[in-house]
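Comments concern the structure below.
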Amino acid sequence: MIVMVGLPARGKTYISKKLTRYLNWIGVPTQVFNLGQYRREVVQTYKNYEFFRPDNEEAMKIRRSCASNALKDIANYFTKEQGQVAVFDATNTTRERRGAIISFAKEKGYKVFFIESVCDDPEIIEANIMQVKLSSPDYENYDKEEALVDFLKRIDCYKMSYVPLDEEKDRHLSFIKIFNVGSRYLVNRVQDHIQSRIVYYLMNIHVTPRSIYLSRHGESELNLLGRIGGDTGLSSQGQKYAKALAEFIRGQSIKDLKVWTSHMKRTIQTAEALGVPYEQWKALNEIDAGVCEEMTYEEIQATHPEEFALRDQDKYRYRYPKGESYEDLVHRLEPVIMELERQENVLVICHQAVMRCLLAYFLDKSADDLPYLKCPLHTVLKLTPLAYGCKVESFYLNIQAVNTHRDRPTNVNVARKPEEALQTVPEHL
Amino acid sequence: MKRGLKSGICMTNCPTLIVTVGLPARGKTYISKKLTRYLNWIDVPTKEFNVGQYRRECVKIYKSFEFFRPDNEEGLKIRKQCALAALNDVRQFLTDEGGQVAVFDATNTTRERRETILRFAEQNGFKVFSLWNLFSELQNIFNTFILLKLGSPDYTHCNTEEAVADFMKRIKCYENSYQPLDEELDRDLSFIKIIDVGRRYLVNRVQDHIQSRIVYYLMNIHITPRSIYLCRHGESDLNIKGRIGGDSGLSARGKEFAKSLGQFIQSQNIHDLKVWTSQMKRTIQTAEAVGVPYEQWKALNEIDAGVCEELTYEEIQQRYPLEFALRDQDKYRYRYPKGESYEDLVQRLEPVIMELERQENVLVICHQAVMRCLLAYFLDKTAEELPYLKCPLHTVLKLTPMAYGCKVESVCLNVDAVNTHRDRPSVRLTNTHIIRMYCSMSVYSSRFLGVHKFSLY
């Protein structure tokens, strides 16, 4: 159980959602349980900050019952839904409330890790409020000024009784205290591997505005022939794309852009046209199709019909003989994601399967959706973190290219006919 | 230097100076050496500069704690000189010798000394990251580091009691002038405060990727006594045929080894042993015989020999003589066409090492190249030596961290097996030979030559 701690507008929900997205992506089933949501379901309409006054007995009763409902749902998530990590997103600002959670966890045999966000910079707090609080369902009927005033009063209600985690008194607990959006961290008693990964992740994320550009290499010679994998150079259309990409990037006037490619010719050739330094990552290489490398889908159907069907049955977990699976890909892309989190403006020139994995991370797509995400050639995706998610802008650079996207065919049975298997294969030479 | 491109991440734009801070016997040297070993293994050229060493070279014989008394003018002069000499060597390493990280291992307990270092770093364009060690109350950890001191050259002529008494007085000399880092005054500095080596950390202003990796590593190491057992799978069917790679099962002798391994492990009475294998048949079959639950890691799979998979060395010589020669030239960096290099292997084994650091007693059943990489990490072997480390079949290596290094015990389980070790040949082709060979290769597919880069220098 991950338990968030902190006054309102300290980024708890932002951290909860981002962390949950990361853990799910690396294959750890995780879910957020946001107390505010429970409260909104019970108290249909939010009037004003008075609900949160510490002397409001009625409200206190409701809030306590919401907390216990959330904990019940967490227990359910672990036992009935195979969840591995639950993030309890609430203020949890009193020692009493935290004590109750610890007892609950102890009874059930759950490990507890606290994440406390401490911030005393009024500018950061106001920016948080403006970004996410004012668009909350609570403030639908308020105008901006009133909402801000009410929310600040709401924070005051908590301040009185706020007891932060204490280095001495709480030294038997496992926790990380984050000060002022990451300038300082206090880490205590990390118990296991997953907590260690969580701490590492939290220490690498930041909130500085930036954009991540994802693109595939330009069309390659093997793309034209409808063959998968390999390590060929760009076709003439691909070369045109590389030049168009350079122009597009220049047009965006991006500050301090880092450019990353894989170790394969087609991404390197694409980056060369940009005329700026770029870094090569082996981890960004396309998925290894093992025995199927450089085959067309027709050839795969002819030589390995059973494998072809198995792949359509579970495209995420299926591993090519002597090759890789999407699941393996996610594993080897994890350091890339970690470094992307640390960086600011980055352009990643990669490959279809790789781009699907990266996109799935930023857009919180499930393992089922991931292998079918549309990542066409000659299109740049610009991802800009916004509020709790990611804004996506798609730029097709108007250079013709083959389609390499193969949808899931209707019949995935091993005994299917060749035409059924090849139903969704895109056209090629 | 190509370093940044090779690893894919630009580890540092400018060199980093790591500065330890803390009273004697807080584990500064232990952490400095361990961190240096880790950074070198992941290919970040790192070196530690221990001021105590400089002092010992200067003052040949250590008499007593009196040298460290704050009112010992002569002593202070020598110590300052040593610190400056060390800093000079740091400058040389980072500026002229291609070093990327220097660990300045000394007490650095006064604000004045630290400010000198900061100015030095600023003048030379080095980033500074401080490692500040202290203990809150755990007496037993403190004692671990005291024991390390007793093995120091300073105390060869003393008995244990005398040494401990003298050392305690030495610590007292520092205590009076000790000015710890201040969370307020020093809030613009980048540092990690390590409290109780493994319990609590305060991390302030991590500036870049390498500092983030350093922090992650430091937060995962511990000093609880434990042992790591490394061994290869039992002899496999392909081993017998002299073929590399592949995914075959155990031979009859390999199965015998697996049984012996099971017995050996039982006899060792290891507390809470974790067993790890790769995802290849031969390690899994070996683990099955040990009879305890085991975890499979894809990262522990043998090096991918690409087009040479399942070939014998004779066949490789026949079909890919150029590749074979290039591999012998630089076995660490050479990448099989459509396969991997030892360098790639180290990169994919890094999470394994990190988890090994977190764990306590572990048995890792892996493969020859993989075991060489892991061994090189624990025994601080260079990239040159790594690919030639001897890791014979049917032999278990028991590694027990000790003092500043690792004790190795080799246990041969007396089950015969083929030898799979290929030494570096004494006659290696010169560049001229290789160029001639390359030019005569008309049948060579450009595909293979294009996939890896080789530079003739």
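Backbone N, Cα and C atoms are what each Cβ position is placed from, and that goes for glycine too.
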Same-site residue for substrate (record: TrEMBL; known: B:Arg232, B:His233, B:Gly234, B:Glu235, B:Ser236, B:Asp237, B:Leu238, B:Asn239; options: B:Arg187, B:Arg199, B:Arg282): B:Arg282
Remaining residues near the recorded substrate site, that is with C-beta within 8 Å of the centroid of the site residues B:Arg232, B:His233, B:Gly234, B:Glu235, B:Ser236, B:Asp237, B:Leu238, B:Asn239, B:Arg282: B:Ser248, B:Gly249, B:Leu250, B:Ser251, B:Gly254, B:Leu393
Within the predicted model, mean pLDDT of the domain '6-phosphofructo-2-kinase' (B:11-225): 91
Local Cβ density at B:Arg232 (substrate binding site) - other Cβ atoms counted within 10 Å: 29
Conformational class of B:Arg282 (substrate binding site) under the three-state DSSP mapping: helix
